[in-house]
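Down below is the structure, laid out as structure tokens.
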Amino acid sequence: MRRRNLTAYGFLSPYLLIFAAFWLWPIIYSFYLSFLSTRRAPWTFNPSMTWLRITQDTAFYNALWNTLKILAIQVPAMVFLATVLAVLLNSQLLRARGLIRFAFFAPVVIGEAAYAAVFRLMFNTDFGIVNKTLQAIGLSKVDWFANPSAAMSLIIMAVTWRWVGYNAIIILSGLQSIQTDVYEAATLERVSPRQQFFHITLPLLRPVLVFCFVLSVIGSMQLFAEPYLITNMGGPGGATETLGLFLYRQGFLNLNFGYASAIAYTIAALAVAISALNMWIGRDRT
Amino acid sequence: MASVSINQVTKQFGAVSVIRGANLHVEDGELVVFVGPSGCGKSTLLRMIAGLEDISSGDIHIGDTMVNDIEPGDRGVAMVFQSYALYPHMSVQQNMSFGLRMNGNEKADTERRVQTAAKVLQLKPLLARLPKQLSGGQRQRVAIGRAIVREPQVFLFDEPLSNLDAELRVQMRVEIARLHKELQATMIYVTHDQTEAMTLADRIVVLRDGLIEQVGSPLELYHNPANAFVAGFIGSPRINFFTGVATEYAEGHQLVQLSGRGSAVAKVATTEALPSGTLIKVGVRPEHFEIGGACGFPIKVDVVEQLGSVSYLYADTTSEYPLIVARQDDGDHRSDELTISIRAGKALLFGADGNRLR
């Protein structure tokens, strides 16, 4: 190897060493772990306690089902809302543009614990503002933390609130990369604003929308903070337990690292598969 | 096709006046070119005709219709943009038919119009391609095709050739001239390139700072500019300006002593005598010099541009506007020291305010 290259690698080596020790090695080691029974010492090679168990574990299927439910409802709803928000943020009529953009982006910056605490207060069954409002307009109050469906919708609302602005900013940058004279040309051709949106804006936004979908799918697959902090570790009775939470429970509460590793690999594989499906559906057919 | 009338039109962006009272009538079937330096308001005026900019005051008629309050899409105009403004995700065919399809035009008719336009513009082999698969010239032809299929009353071109390289620009210029002849269409064309204006226009409108300086045929503007600005803007290479002092007047010619040029005198045809001693500006086109002559002045040639049919000699190249002299011979005049004089009757006189003295 040439001397210059060696020097370059010399400078890179501190990073490469840390990267290998704390990133590469855990990935490899956890794959190895996923074949070990780790319920009691000594750890022994026994994939039936990990990979076979995952196919039979009803708790895993419950977590998977919950995660897919969130994915199927929350991701499309959020990307839709984010698109609407981005179009509004892009409006010429908007004042205090910078402030409003920051306001929608702010939830991402706020600490998870703080936002979870506020959501718990707002949705508190007896004195939360949400139930108070529902009662004020003549509806009955909802037991957000004890009713499985209500708890699930609470998680979906929380996650959507937190990430919709972030996605809107990404979509906004996509909107702004569309040349304005394309719209002028369409206006001169008597193409209505609605037609412009569906025939020009949406098709040109497709790569950005696919990106948002993929990002959100990966996020949902790893969803942990909201069910952990807002609905009391996936309650009621595991109704909001996600794969991320299930992984945490197996790994760090039961200290069953072999099984947790197998779950982690399953989550990663599912995320890749669903993202690939997304990209395939949203591919450029032209 | 239709005529276009602009009456007392102004445009204000806040406190800034971009168009300050424009009056113009474009005849049916005429190709009029708006030309002027950047920021003169030519594009704004065009966009006001299109309806993409509001009119602050005055009115615009297309045909017999006042269009001030008519939506851009209903004015019967089609526009070709500098950036082409093609729909990036649509094929050439879709780009050209999009407007018609969105307006529920009959399918067979849309197809017929697209095919006709594609034939006129030699786009037939490219109909299935996307804009990104086309060269700049091809993209601009698609943009023109998109305008043609609409069968508009008026075509508007906003610096359509500025993004093309020199050779393509010449080709497209010829193509647009041909189209104008074939379609007999009313066209308004904006450019900052006076060569484009000279070669394309039936009439040229020269704008400066939101005001129309002069309207006329290309040769009229070249030979008979109304003021020093038009004289300086029209013509390439640029006209030469000298300062001078009026002296005698004899036989319909004003004699002008050029300042800083020794005993050089220009003899300019005018209708009346100027008071002796009046400070004036003399404009001389590069081809209106001759070598030698009794009333000439010496120059030292710094640079020569030999273009084959004509050579341009540049002197005083360190000043902002070098002196440019056209010569018809092929000789190498670099570093030559020549005496040149102004051909009798060919110079143009301008007063201190820049207006032409005839």
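Backbone N, Cα and C atoms are what each Cβ position is placed from, and that goes for glycine too.
It should be emphasised that the depicted structure is a prediction, and the values quoted were computed from it without experimental measurement.
Summarising the annotation, TrEMBL assigns domain 'ABC transmembrane type-1' to A:64-278. Residues or ranges marked as transmembrane segment in TrEMBL: A:12-32, A:70-90, A:102-124, A:144-164, A:204-225, A:257-281.
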Close approaches to the transmembrane segment (A:102-124) from elsewhere in its chain (Cβ under 8 angstroms; 6 or more beyond its ends): 85, 89, 130-131, 144-145, 154, 158, 161-166, 168-169, 225-226, 229-230
Stretch-level contact, the transmembrane segment (A:204-225) and the transmembrane segment (A:12-32), CB cutoff 8 A, at least 3 pairs: no
Folded-back contacts onto the transmembrane segment (A:70-90), same chain, C-beta under 8 angstroms, at least six residues removed: 97, 100-101, 104, 152, 155-156, 159-160, 163-165, 167-172, 174-176, 197, 201, 205, 209, 212-213, 216-217, 220-221, 223, 242, 274
